Amino acid sequence: MKITKITTYRLPPRWMFLKIETDEGIVGWGEPVIEGRARTVEAAVHELSDYLIGQDPARINDIWQVLYRAGFYRGGPILMSAIAGIDQALWDIKGKALGVPVYQLLGGLVRDKIKAYSWVGGDRPSEVIAGIKKLTEIGFDTFKLNGCEEMGIIDNSRKVDAAVAVVAEIREAFGNSIEFGLDFHGRVDAPMAKILIKELEPYRPLFIEEPVLAEQAEYYPRLAAQTHLPIAAGERMFSRFDFKRVLADGGLAIIQPDLSHAGGITECFKIAAMAEAYDVALAPHCPLGPIALASCLHLDFVARNAVLQEQSMGIHYNKGAELLDYVINKEDFAMTDGHFYPLNKPGLGVEINEELVIERSKNAPDWRNPVWRYPDGAVAEW
């Protein structure tokens, strides 16, 4: 079998799909994208395609090494996202060629189901509470919320009180019937992160995500030393080499690699194993589309330390398309009591409505995240 063609489709809401074709008619799908930089990743995919045409898609490990090491410069979000989508598509092809789901190629099931969590937006506590109530009605009991708005390097107590008040109201409304993680989104610098985490401890969030940016990862062990709350991070780390440093330094209780940003299934399988050796849990980051989610699920079902799976159904970013709009076999993604179950069709197990993909790709939006500024005009982290 040989790779014959690579096609990319930028799609609403903010996704990009990749199709790899072979001379035997087997097609694989991947999802290479950096939200807000889809065109840049698309260019990288097509540049890398020179290494792919005519190659045997079954040699996934060799292809991965060529894509990563053939260029003198490597790593980073753009290249690793391009590699990620290609890698997903290659696993899809291999599973289809052999007639088995990808999790079987990775050693088989280590669990029968995985708990999913849902992101809940809203600027006011009442909006967040209403969103949680709606999701509990369809079986969710685990959520992720914004931990705060933009916050200065040193900010006032009113900002801290406002962030804590939202969490307090949510905990009062639901008690211990739900669990929720708080995503700081890298908006907080180390001095305020210490204060905010301390103030939030009485409300027992499930985890604190990205209390500071990955560039400030040396603060993760320092922050972890001052709190009993689990610290999570990893969506902005792009290879096992990025994770090697934070795992060795300690501090993280949960890692959150993104299978569309961190080299795909091949790389994240290794990252998960590294984390297990450090007694660190895995909760793959996935606010993206169905191919990314399918890739995450195959990893969840073979990694013993996987504990939670993010998914984007109903997320506020999904303007113009919902998670399963491009999927034919929607029933395979059905959840029971907030849990996903293994995808048992060959390959990634996601059947793409290619006709709809082609049509919707004709007018794909160029999504950009907003640019936030502090009251003094300086740029703030979004």
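The backbone N, Cα and C atoms fix where each Cβ goes, and this holds for glycine too.
Lifted from Swiss-Prot, the feature list:
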- ASP183, GLU209, GLU235: Mg(2+) binding site (BINDING)
- HIS185: active site, proton donor (ACT_SITE)
- ASP258: site 'Increases basicity of active site His' (SITE)
- HIS285: active site, proton acceptor (ACT_SITE)
- GLU310: site 'Transition state stabilizer' (SITE)
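Locations of recorded Swiss-Prot features on the structure.
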residue : record                                       : DSSP (3 states)
ASP183  : Mg(2+) binding site                          : strand
GLU209  : Mg(2+) binding site                          : strand
GLU235  : Mg(2+) binding site                          : coil
ASP258  : site 'Increases basicity of active site His' : strand
HIS285  : active site, proton acceptor                 : strand
GLU310  : site 'Transition state stabilizer'           : strand
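Straight-line distance linking the Cα atoms of GLU235 (Mg(2+) binding site) and ASP258 (site 'Increases basicity of active site His'), rounded to a whole number, equals 5 Å. Considering only the recorded positions ASP183, HIS185, GLU209, no residue lies within 10 A of HIS285 (active site, proton acceptor) on a C-alpha to C-alpha basis.
Separating the Cα atoms of ASP258 (site 'Increases basicity of active site His') and GLU209 (Mg(2+) binding site) is a whole-number distance of 14 Å.
Each residue contributes its Cα atom, and for GLU209 (Mg(2+) binding site) and HIS185 (active site, proton donor) these two points are 7 Å apart.
Non-local contacts of the residue listed as 'active site, proton donor' by the CB criterion (under 8 A, 6+ apart in sequence, same chain) comprise ASN146, GLY147, GLU209, GLU210, GLU381, TRP382. Listed in chain order, the extra residues whose Cβ falls within 8 Å of the Cβ center of the Mg(2+) site residues ASP183, GLU209, GLU235 are LYS144, GLY181, PHE184, HIS185, GLU210, ALA232, ALA233, GLN256, HIS285.
Within the group of recorded positions (ASP183, GLU209, GLU235, ASP258, GLU310), the Cβ with the highest number of other Cβ atoms inside 10 Å belongs to ASP258. Separation of the C-alpha atoms of ASP183 (Mg(2+) binding site) and GLU310 (site 'Transition state stabilizer'): 13 Å, rounded to the nearest whole number.
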